[in-house]
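Listed in TrEMBL for this protein:
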{"type": "TRANSMEM", "residues": "98-118", "note": "transmembrane segment"}
{"type": "TRANSMEM", "residues": "150-174", "note": "transmembrane segment"}
{"type": "TRANSMEM", "residues": "195-223", "note": "transmembrane segment"}
{"type": "TRANSMEM", "residues": "264-284", "note": "transmembrane segment"}
{"type": "TRANSMEM", "residues": "319-343", "note": "transmembrane segment"}
{"type": "TRANSMEM", "residues": "349-372", "note": "transmembrane segment"}
{"type": "TRANSMEM", "residues": "431-454", "note": "transmembrane segment"}
Amino acid sequence: MDQSSAVGATTISSSSLSTTSNVLTHAPDASHSSDMECIDENVIIDEITEAEPTSVTLRFCKRKFLRPYVVILAIAGLRPSSSDVEFLGRWIGHLQTFLVLLLLIVGYMLQFLCGFSIGDRYFLTESGNLTINLNREPGHLGLLASGEAIFIYLVPALLHLNGFILAVFIYRFADNEQLQNLIERVFILSSNPRRLVLTLWLYFGLGLVWLGVSIAYVTLIGIDGVTVFERFLSFGWTGGLARWTHTGELLRALLSVTLFLHDLVQMVVIVSYGLMCYMLRCYLKALKEKLLLHTIEPLNWMREICEFRKLLHHLNTKISLPVASLTVLNLSYTVSSVAHLFHNMTACPINIFTASLANILLWLVIALVPFFQAASLTVTCRQTQSCGHLISIRPFVHRNTSSEDLNTVLLYASSLKMSAKLFRMPVSAHYLCFLVLVCFIGVLTFGMCLNISLGRL
């Protein structure tokens, strides 16, 4: 009995020892697995903390900037055709573009039929340049026999239509999501994304102010229902509409709507160009700041500059095309308004002079906006050439960067030749200011030669 108990005790002790040895041998494996789990959790947490700000910024960009911007473009018939848009959304965008195009063509025809010059915003029946005999025989086309009709109606209509068609082609088909790529990059690099959203509404808010003043000028001063009706009835095939008493009011309303759409399209195109110039400036300034603070490696900075040059090339070769067409039209309207103001006028009442001057300023503002935006972008591009010198004089910030990388950045930055272009020509702030000065002196000289009557209004 004692021997069996001793044998059992020996067996228990040996089994306990084996168990203890197994625990001791497996203990390092358990600690190793727990360490690996902690490392994996840390990696996951690090990935989340790195990816979360970017995803939040992109969601904020899409909700506060991209969606309102696309809606504004869609109102003018310029909604981009992106890959994430459904089939029905694409067809709705095509339908919007077709309706805007149809209304623009109707507007061009109404301007001719009603004898309204959108550049000078007056009726040719009231001007001294062209007089229309309303008692001529039916079927006489009047201005069709005049060469001035080509330059007053046909050429401006073709320029405006060309600008709209180019804008539709570029924003809808040839953009290839370049605009979205630029906006997302700027939001990721920006330290204050809310400022970019405020800038979007500021640009289009100023555009709406210009549009409101333009339409108010046309409605209150330019369009006269009686003149519209008389000019429209001067064509033989429109004589049957004289029986309807509301023809004049309807023509005036249609003309106002089409003129509003006419100005809306070019406002959206030009403001979009200015907004893209601003985004490119922000992109370049953010890259310069990151390089100077050494929050980006020199090689990555040069890669980002290559992306910027692609976006700048897209601006200069595609986005600027409809802007150039509309700028030619607006500058022509400005010069023609000035010529109409000073042509064969020995005494000008102050009310007529004020209205004509307001019209000139309206066209001058919308014509010069693209030049000033492009000039500002050119200034920012040329400031980037000094990045290499600026990091060379900051040895403590870039103490971990090799001298070879610093020399590479210096040579690369100094060789950058970037500028914004309109009409395939670089736009410089110096030449632009000189041109504005010459125009101001010219207008002031003509004003001194004009005898403005300060009598009764």
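The first residue you see is number 1, and the count goes up from there.
Heads up, the Cβ atoms here are built off N, Cα and C, so glycines get one too.
Since we're looking at a predicted model, the values are computed, not measured.
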So which residues does the transmembrane segment (150-174) touch in its own chain, when a touch means Cβ under 8 Å and the partner is 6 or more beyond its ends?
73, 77-81, 93, 97, 100-101, 104-105, 108, 111-112, 117-119, 124, 143, 262, 265-266, 269, 272, 318-319, 321-323, 325-326, 328-329, 332-333
Among 195-223, 319-343, 349-372, point out the range having the most Cβ pairs under 8 angstroms from the transmembrane segment (264-284).
195-223
Six or more residues out from either end of the transmembrane segment (319-343), which same-chain residues have a Cβ under 8 Å from its Cβ atoms?
118-120, 122, 127-129, 156, 159-160, 162-164, 166-167, 170, 266, 269-270, 272-273, 276, 353, 356-357, 359-360, 363-364, 366-367, 370-371, 374, 421-423, 443, 446, 449-450
Where else in the chain does the transmembrane segment (195-223) make close Cβ contacts, counting only residues six or more beyond its ends and a cut-off under 8 Å?
64-65, 68-69, 72, 116, 121-123, 186-187, 252, 255-256, 259-260, 263-264, 267-268, 270-271, 274-275, 278-279, 282, 355, 358-359, 362, 365-366
